[in-house]
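Asker: Below, the features straight out of TrEMBL:
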type	residues	note
DOMAIN	7-405	domain 'Enolpyruvate transferase'
BINDING	LYS22, ASN23	phosphoenolpyruvate binding site
BINDING	ARG92, ARG121, PRO122, VAL123, ASP124, GLN125, ASP304, ILE326	UDP-N-acetyl-alpha-D-glucosamine binding site
MOD_RES	CYS116	2-(S-cysteinyl)pyruvic acid O-phosphothioketal
ACT_SITE	CYS116	active site, proton donor
Amino acid sequence: MDKLLIQGGHRLSGEIAISGAKNAALPILCAGLLTSDAVALSNVPGLQDVATMLKLLRQMGLRIAQDGENVTLNGDAIDKLEAPYEMVKTMRASILVLGPLLARFGEARVSLPGGCAIGSRPVDQHIKGLQAMGAEIAIEAGYIHAKAKRLKGARILTDMITVTGTENLLMAAVLAEGETVLENAAREPEVTDLANLLVKMGAKIDGIGTDRLVIQGVDSLHGASHDVIPDRIETATFLCAVAAVGGDVTLRHARTDTFDAAIDKLREAGAILTTGDDWIRIQMSSRPKAVSFRTTEYPGFPTDMQAQFMAMNCVAEGSSRVIETIFENRFMHVQEMNRLGAAITIEGHTAIIDGVDKLVGAPVMATDLRASASLVIAGLAAEGETLVDRIYHLDRGYDRMEMKLSAVGAHIQRVK
Ligand code: EPU
């Protein structure tokens, strides 16, 4: 199993190119199921989760041509309306095939995702929304079996804001009969990116970027081309690394209007940030100041950045409070950081971090994707050697992270 070996304490300087967004690419690939025409995508990141999604879609009969970051999908020969347990258990985002399959083919069988390291993560809102659109849904032998001759538009109010739930219902609604209103919709930039592609494919969607999406269903969608938006979480992860260890780094191909909450906190921590159309530069010449925050839905502070900012807070001047409100078990990195000498205590959904003068390298274990990234940041900031185990989590969502960090002066290498 691959591990990352890090020699901490080296300032970072230079340039990094940001890849396409994982959480935009995954639903966008599923949108290829909605038409028999070709959907040509660019800026698709080279990630394990993308490979898993392509494998699942291929199993369904989607024809796929891939050339690096360019992926063309052709849904003219889909013959298997199923996402098996073996795929869904490795990647929960497989649930995103449910809406498009049901909308276009009138049937889908998708394994229910089980529990997850960061929380229980049920999909009841996806099911409730599709039922409101007239789908008959049975849970049989661990599978969601959904049927509908043709989905019918409905007004759907989800109990909470759900990102993939909004995406699934949006992909169902674009081919439903009549009008669907999605109230309490997620406003994440990844939802917006999917909606923009669907409009290019002929969908009629109003309210894109707001919490109320109004969709007029159409009979069919056609092909389109689309450039996946840059990954805001990857961008903010690198910014956080520089804030923790110091340096001067410019991130290229970024979308700087998609992570304001992280930018505000980095400025509060003492970083100097300058931005252009598609780049952001961070300069950090002092020890960071501790910053407190509460995770919440977009445009608030993202849960997917909580662990990385906690790593910065570990070496910051002062104390901070981090409140996680989205997932009930997303503090698994805390015990690992404490093994590096951090001083973090947990009270319910709040972590209290007392900044320490230094962390000292040690072997640590990654438990999920963003926890892995936070341990890399802690390792870069620590004195001596840190070995991060189980980095298959990292490879699911970061495109060649160790190569990008090495290019700006980090001492980090992949070892077997
Ligand atoms: N929830 C329910 N029922 C549902 C759906 C959600 O109770 O039917 C709850 C969840 O358990 C959670 C909250 O609602 O407590 C929000 O979950 P959401 O559905 O928004 O999460 P998701 O769609 O499963 C996506 C990202 C996650 C990211 C969250 C929150 C993708 C593929 N995944 O997950 O990304 O943390 O939104 O922003 O888009 C990651 O990239 O590391 C990652 C975990």
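Any Cβ shown, glycine's included, is placed from N, Cα and C.
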Asker: Just jot down the residues in the same chain as LYS22 (phosphoenolpyruvate binding site), at least 6 apart in sequence, with C-beta under 8 A of its C-beta; none if empty.
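Answerer: For LYS22 (phosphoenolpyruvate binding site), the qualifying residues are PRO45, LEU47, ASP49, VAL50, ASP231, ILE233, ARG396, GLY397.
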Asker: Helix, strand or coil by DSSP: which one applies to ARG121 (UDP-N-acetyl-alpha-D-glucosamine binding site)?
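Answerer: Going by the DSSP assignment, ARG121 (UDP-N-acetyl-alpha-D-glucosamine binding site) belongs to neither helix nor strand, so it counts as coil.
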Asker: Mean pLDDT over the domain 'Enolpyruvate transferase' (7-405): what is the value?
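Answerer: Averaged over the domain 'Enolpyruvate transferase' (7-405), the predicted model reaches a pLDDT of 97.
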Asker: Indicate the candidate from ASN23, GLN125 with the smallest number of other Cβ atoms within 10 Å of its Cβ, considering only these binding-site residues.
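Answerer: Comparing Cβ neighbour counts within 10 Å for the binding-site residues ASN23, GLN125 gives GLN125.
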Asker: Return the residues near ASP124 (UDP-N-acetyl-alpha-D-glucosamine binding site), defined as same-chain residues 6+ apart in sequence whose C-beta is under 8 angstroms from its C-beta, sorted by sequence, else 'none'.
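Answerer: The list for ASP124 (UDP-N-acetyl-alpha-D-glucosamine binding site) is empty, so the answer is none.
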Asker: Just give me the nearest neighbour of ASN23 (phosphoenolpyruvate binding site) among the binding-site residues ARG121, PRO122, ASP304, Cα to Cα.
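Answerer: Nearest listed residue in space: ASP304.
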Asker: Is ASN23 (phosphoenolpyruvate binding site) helix, strand or coil when read with DSSP?
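Answerer: For ASN23 (phosphoenolpyruvate binding site) - judged by DSSP and reduced to three states - the answer is helix.
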